[in-house]
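Everything below concerns the one structure shown next.
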Amino acid sequence: MLQMASNPPFLGVVVSILIADFSGSIGEAAWNAYLGGMSNSNHLLGFLHGFYGTGALLSHLVASFMITKGGLPWNHFYYFMASIEVLSSVSGFWWSTGVAYRASVNQHQDEHGTRNKVTMTKVLVTPPFSRVTWLCSFFLLGYVAIEVAIGGWILVFMTEVRKATQFAARMTATGFWLGITLGRFLLCFIYLLLVIALGIVSWLVPQFLVSAIAFGLQGFLLGPLFPAGIVVMSRLLPRHLHVSAIGFAAAFGSIGSAVLPFAVGAIAQVKGVPVLQPIVLAILVVILCLWLGLLRCDRK
């Protein structure tokens, strides 16, 4: 973050984001695996990802006011981010450590007679665990791809296609992240169908206000999907596989945050920014099918 705050050249920005996202992905996988193994994991994961959405919401607000209202250079925002990183790093392992977690897992395995050697082969290749892992991995990949594509391209879409001002476009992006936050704090199949319907509305109705409301509601309905996927994994897999399987799925899902925004940008160079919604809708249909596959695993 401090490297980004120093206003580096483009290559420095790419390297800084790569390092930051690598470390962030490790932390995200660890938190998901840790909370996913608890008895009330559904509520805890909802709060975890709800606060993730809160951070995204607040960062959009802070960045918007610093840049559009305060007239500060874009890189000054990363001083604020660096201070938040220091707080989270200090507090992350204040009450618990890796040693304590491994001891609790070993105790659970001894009590239930499930002490088995955990390997990535078992998680990724051996049925029925591999089926759950891969379905959830691709589900999370599609979800993260949609979330980052909308969150990243919404400013361009609203300014170039809906002719909004910079500030109005940023407030629309804030509304999207607000929706994700509220959705995570507060039924996955129905949510996906509604997100698809709202995507069609924001694509076909050429009005700024309609698009702004549709994006906000899309965020609200997308919010619960990621924690829901983690909860399903933690319920279908034995506890000693949680760290490996959930960690892999969360990391695999992060690929979507790199692939889809890049693909949208490449296609937009030729076809224009309106391609955002058709691409997002196609991926929504795919992850809906993946969710139905997970429901079949659950019934079995």
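Using the three backbone atoms N, Cα and C, a Cβ is placed for every residue, glycine included.
Quick look at what TrEMBL annotates:
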type	residues	note
TRANSMEM	45-65	transmembrane segment
TRANSMEM	77-95	transmembrane segment
TRANSMEM	132-156	transmembrane segment
TRANSMEM	176-202	transmembrane segment
TRANSMEM	208-233	transmembrane segment
TRANSMEM	245-269	transmembrane segment
TRANSMEM	275-295	transmembrane segment
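By number of Cβ pairs under 8 Å, the transmembrane segment (132-156) is matched best by 245-269 from the list 45-65, 77-95, 176-202, 245-269, 275-295. Among 45-65, 245-269, 275-295, 45-65 has the largest number of CB pairs under 8 A with the transmembrane segment (208-233).
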